[in-house]
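The following features are taken from Swiss-Prot:
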- 1-104: topological domain 'Cytoplasmic' (TOPO_DOM)
- 1-27: region 'Disordered' (REGION)
- 1-19: compositional bias 'Basic and acidic residues' (COMPBIAS)
- 105-122: transmembrane segment (TRANSMEM)
- 123-126: topological domain 'Vacuolar' (TOPO_DOM)
- 127-147: transmembrane segment (TRANSMEM)
- 148-170: topological domain 'Cytoplasmic' (TOPO_DOM)
- 171-191: transmembrane segment (TRANSMEM)
- 192-208: topological domain 'Vacuolar' (TOPO_DOM)
- 209-229: transmembrane segment (TRANSMEM)
- 230-248: topological domain 'Cytoplasmic' (TOPO_DOM)
- 249-269: transmembrane segment (TRANSMEM)
- 271-291: transmembrane segment (TRANSMEM)
- 292-397: topological domain 'Cytoplasmic' (TOPO_DOM)
């Protein structure tokens, strides 16, 4: 009995188990849901829920079930890859054209708005408007950085950069964000100096106010339109533009309000508004620097992504006895994936290679994945094949 129990424990988990599709798993999952959750399930799209139609659920319960349905949707994405292994090149080309168009109109808009804001700053003498103008100047500089980043990613020398230049993207965004945070610090210093000097500036004339309103409102409307357009892009560089456009909307509104209120009521409202913008700039873009820096140091993918990869590997081929290891970690914008699978010891090398290669291709078709490495083995009891700790500095004195 003990020997049998040991054999059962060591038996491959997938050897005699039916590889259930996401449809069967979803059906079983939905059949066990309580009534208050079933009310939220969309009958036309069973993997989607709308908890606004359900009552009696606590926030924790909603979060739990939303994660479960999100997992089912990710499994559906895997099944759709299994049904069609052909990537749509037309969609990729269309998205690339849309991204380049968004970058170009953003840069052209930044040039025009910079000229207008320089005029508004000269006319008004407001430090808050000056902060917004400096922001537009750096927008133009940073836009050049992002455009150069995009072009450098397109021109690839496979001998010099054998895995491409996708890591240029987060590096470019880090430089962009660092420049923006530096701007915030400079504006902060100037605003504090103006408060310390404590000199009341001259009042704005009606003509100056008219120009100020016209230019700043026009700039805000343009930036709002660009934000709405760029935020829909799947390109991370374009989304960086979108974030900057949204930031400009905030700085334009706050800058205009501070300048006008400072002129109408108390002069110190203007530098205080500039300080608020500076703190917002530093906080916002420092977070962007951190986010992109983390993506370059190999942070692990979230559990939902690992579940998705495991589901794909389990269902890939009936000869796969076990999925030993699934790793996914950032190395730039996308994930690098490592999967260890166990195949029968007697399986011919030609067939084993075909299974591993097709699994690698399938994983790399996921939009979140840049490269995949599939390791084949005939057992899963060996020690880890890579000793990362041996490369790390010793904690011993």
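Cβ coordinates come from backbone N, Cα and C, glycine included.
Note that the structure is predicted; figures quoted are calculated from it, not measured.
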Could you count the residues of the topological domain 'Vacuolar' (192-208) that DSSP puts in helix, in strand and in coil? 9 helix, 0 strand, 8 coil
Within the topological domain 'Cytoplasmic' (230-248), count helix residues (DSSP H, G, I), strand residues (E, B) and coil residues, in that order. 14 helix, 0 strand, 5 coil
The topological domain 'Cytoplasmic' (292-397), counted residue by residue under DSSP: helix, strand, coil: 36 helix, 27 strand, 43 coil
Segment-level pLDDT (mean, integer) for the topological domain 'Cytoplasmic' (148-170): 71
